[in-house]
Ligand SMILES: *[C@@H]1O[C@H](CO)[C@@H](O)[C@H](O)[C@H]1NC(C)=O
Ligand SMILES: *[C@@H]1O[C@H](CO)[C@@H](O)[C@H](O)[C@H]1NC(C)=O
Ligand SMILES: *[C@@H]1O[C@H](CO)[C@@H](O)[C@H](O)[C@H]1NC(C)=O
Ligand SMILES: *[C@@H]1O[C@H](CO)[C@@H](O)[C@H](O)[C@H]1NC(C)=O
Ligand SMILES: [Zn+2]
C-alpha cells in the first residue's frame, strides 16, 4: 500500500495559524475529567454492520485452546493450486435494507501432509449450502464429518471422516453470501453522486487479511495460486479484475438479466493482491488498451485521468529497465475510488487509489498534489515486481516490501518529472520524519519475529512509519554504499530467481552479496553483517566527531536521554556506519566507522559528515566545528551542500532535544534563514519549529516566537513578491513553488499584516463571486486556512458549501482541512460531530479530520474530549479495515505537556483496556512517553528559549 494512510500531508499545513487569543478559550473549555468518564459509557450503536459471523453448525464449545483452528496461522498440510471464483455484488439494498454479495468458489489444493482437517480462511461470510469435497485423483475423497465457522481465528473448519492422502489433489466447493458493507475492507461498496443521482459501486481492499471476507481462501501471502475470476453484474456496469476480461455475455439469474464477465486466469499470486470492481466508471487508455485509467464519468470527461495516464507508461518502462525485468502482466489498470482507506493499493494489474492520489486538474491541483500523484503511482508500479512478482513469505518482513517501494518511488517519479529534483525529498519526507519515531525508547526494529505478527490487528500494526520510511532510508543507504549498478544487479538477480514465489529479507542480501562478489566493491564485511545491525536492532546512532582530536564515536540516539531502553540488542546498539563526508576543501573518500580514526582539521577548516544524508544516522561535532559551521552558514551558506544545510538544522534541533547540545545552538541554525531562499532548509526549520509552536502556543513565549519568525520570514515573503510580479505569476521551480507557500503561510501566521490582508482579500473575492475561484492552486490550502482562521461563521459556511459541491477530491480535501482552522469553538465542535456522519465526511477522511482539528490549538482539547467520549464507537465503526488509529492517538496527544494531560492519557488507556486500541496500541505507549518527554523539555528549556528570543534578537512580542 502507499504510505498515504499513515502520513497526512495536509495536517502540517494547518495548525500554526491560530492566534494567541485562543489561550483563554482553552482554559474555559477544560472539562472535568469525571464528566468524560461518564460519557464514555454511552456507546453508540453500530450502524450498518449487522453481520455477525454465523456458524453453520455450532462450534464445539468445550474446545481446548490449542486445537489447530485456534492458531491464527494455517497448518502446513494443504497447498492451494487454483481457484475458480464467481461473485455477484448487489448494488441495491435487499428487502432488509442491506447490501449483499453472493458467490461460489472452488479451490483445488494438494495435500502435502496427512490430515483429516481442512482449515480455510473465511470471515463474515454465511455459507448458503454445505461445502463439498471432491478428489481429483483415483481414490475418492473422505466424507465431511462436520464443519463450522471459527470466528476469532477466521476459519471455515471442515472435519473429515478420514484422512486426505499426501500428494493427492482435492477440490473444495463453497457457496456463500456476505455483506457488501461500506467498511472499506474486503469486498465493499462506495457511493458518489453523479448528475444529482446517487451511484453505487463495489470494490475491494484485501491487504492484509480481508480476501477471506470476499470468499473462503488460504489467506496468507505464501499461499500463492492461480485464480479464475468471474463477476456477475448489472447490464449498465463494467467489471474489472486483475486479469484481462476475456468474455462478457448476457445471462439471466433468478429472473434478473445480468452480464457475466470472465477474466483470464491470473499469474500465480497471493490472495491479498486480488481485486474485483463493478462500477459505471469510464476509462482512458494508452498503447492500445494495455494501460488504462478508470474514474467516475465526470472525472474522465474533465480529463482528470490524463496526467496519471501520461506518466504511467514511461514509469513502467523505467522500472522495466531498473529491474532489468519486463512487466509481468498483459495489462495495467489504475482506478480512482471515491471511498478508499489507504492512499493506494498495488493489486496486481488493477491498482486502486484514492481520488486525490490519481486525479489531476491543472486548474485546481497544486504542484504538491501533482507530486503526490507521481510518487504514489510510482510506488504502486514498483510493487508490480517487488512485492507482487516476488512476495514476502510473511507479514513480519513487510518492511522490505514497503521500504523498498518507498525508496524507489522517488526514482520512478524522478524519471517521469526530471526537473523536480524529487529524489532529494526523501530526506525530509522519510529520513527525518522517521528519525523522530525511531529515536524513542518505545521504537521497534524493522524486522519482527514471525510469531509476533500473527493476529490481524498485529499485522495491521506493522504498516507503520518504521516499515515504510526507515525501510526506505536504510535501503537507500545500502544502494549508495554498494553503488547503484551493484545494487540493481543484485536486485535483478533476486527478482529473477524468486519470481512467482516468496522470500525472507535475507534472500535479498544473498543476491546483493553475489553481485558484490562479482565486482570489486570494497566492503568491510558481508552485507548481512552490516545490515543486520540496521534491521534487527531498533533506533540509529549519533556519530560524534571531535575535529580537535580526530576522535570518532557512536552512541544510540535517544530523543529523551533519560528514557530506558528495555529491548535488548544482540549488537549492543552499535552499528557499522558508512560515512560520506567533506571538508571545506571538498568531498573525501567513504569511511566506515568501526574503530576510531582521525577526522582532524585545523584553522578555519570545517567538516560536514553524512553527505547528502545518505546514511541513517545523526552527526554531532565538537563546539569549535559547530561554530565554524554556523559562521559558514551566516557568511556563505551555499558552500555547505543543500541537503546538509537541511541536516544541520534537523540534527541540531534533535541533539538539543536529547540534551547533547544546548537548545540555543539549535535556534542559532535558524538565524541564517533570512538569507536562505531554498525550500528544503526552510522546511527543515519549520518542521522543527512546529515542536516549539506545540509546546509554546499556550504560553507567554508564543508572542516572542511569532515575532522572531516574522523577522526571519519577511525577506522570503518579499523575495517571492518580487519573483512573482506582486503575486501574479507562478514561480518556475518545483521547490520555489513550495517555498512560496511557506513564505505566505509563515508570514500570515506570524502576523505580517500585508500577508493577511492579501490573503483575506483573495478569499473575499471568491465569496463575492463563487463561480470563479481567483486563488492559485498552489496557494489554496494555505489561503483557505488563513482566511477561515481570520474569519467567522460566514467564511466557514461558505467553505463548507464549496466543500460539498467540489467536483474534484483534491479541492474538497483542501477545504476539508481548512475548515479545521477556525478558532471558533462551536464551529469546531460541530465539525467534530460531522466527522462521524459518513454522509458529511467520508469514513476514509474521518480520522484525518479529527487529527487536523487537534492540530489547532483551540481544537485540541475539543478533539481530545471528543475521542475520549466516543472511543468505543469510533473503534468499532472504523476498526475493521482502518489503519489509522495510531495516527489518531499520536495526532491528538502530540501537544500534551502537563501532569494533568499525562494523567488523562493514562486514565484513557485504563478506561478503554477492554474496548482496546487495535493498531493504536503502541501509539498509546508512545504518547505517554512523549508527554513525559515534553514535560521535562518544557521545564528545562522554556526560560532559555524565551531569553534567547528576547536578548539575541532584540525581539519584542507581538501585541
Ligand atoms: C448471516 O447470518 C446471520 C445469522 O443468520 C444474519 O444475522 C446475517 O444478517 C447474515 N448476513 C447477511 C449479510 O445476510
Ligand atoms: C481456469 O482458466 C484456465 C486458463 O484459462 C483454464 O485452462 C482452466 O480450465 C480454468 N479452470 C476452471 C476451473 O475453470
Ligand atoms: C499529457 O500529455 C499530452 C501529450 O504530451 C500533453 O499535451 C498534456 O498536456 C499532458 N497532460 C497533462 C495533464 O500533463
Ligand atoms: C529509567 O530507569 C531509572 C532507574 O531504574 C528510573 O529512575 C527512571 O525513572 C526511568 N526512566 C523512565 C523515563 O522511566
Ligand atoms: Zn506499498
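Glycine residues also receive a Cβ, built from the backbone N, Cα and C atoms like all the rest.
Owing to the predicted nature of the structure, the values given are computational and were not obtained by experimental measurement.
So that you can see what the record holds, here are the features copied from TrEMBL:
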- 379, 383, 402: Zn(2+) binding site (BINDING)
- 49-64: compositional bias 'Low complexity' (COMPBIAS)
- 80-273: domain 'Aminopeptidase N-like N-terminal' (DOMAIN)
- 307-534: domain 'Peptidase M1 membrane alanine aminopeptidase' (DOMAIN)
- 606-931: domain 'ERAP1-like C-terminal' (DOMAIN)
- 39-67: region 'Disordered' (REGION)
- 468: site 'Transition state stabilizer' (SITE)
- 12-33: transmembrane segment (TRANSMEM)
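Here the features listed in TrEMBL are painted onto the structure.
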| residue | record | Cβ within 10 Å |
| --- | --- | --- |
| 379 | Zn(2+) binding site | 30 |
| 383 | Zn(2+) binding site | 27 |
| 402 | Zn(2+) binding site | 27 |
| 468 | site 'Transition state stabilizer' | 28 |
Among 379, 383, 402, which are recorded as binding-site residues, the nearest neighbour of residue 468 (site 'Transition state stabilizer') by Cα: 402
Per-residue pLDDT averaged over the domain 'Aminopeptidase N-like N-terminal' (80-273), given as an integer: 96
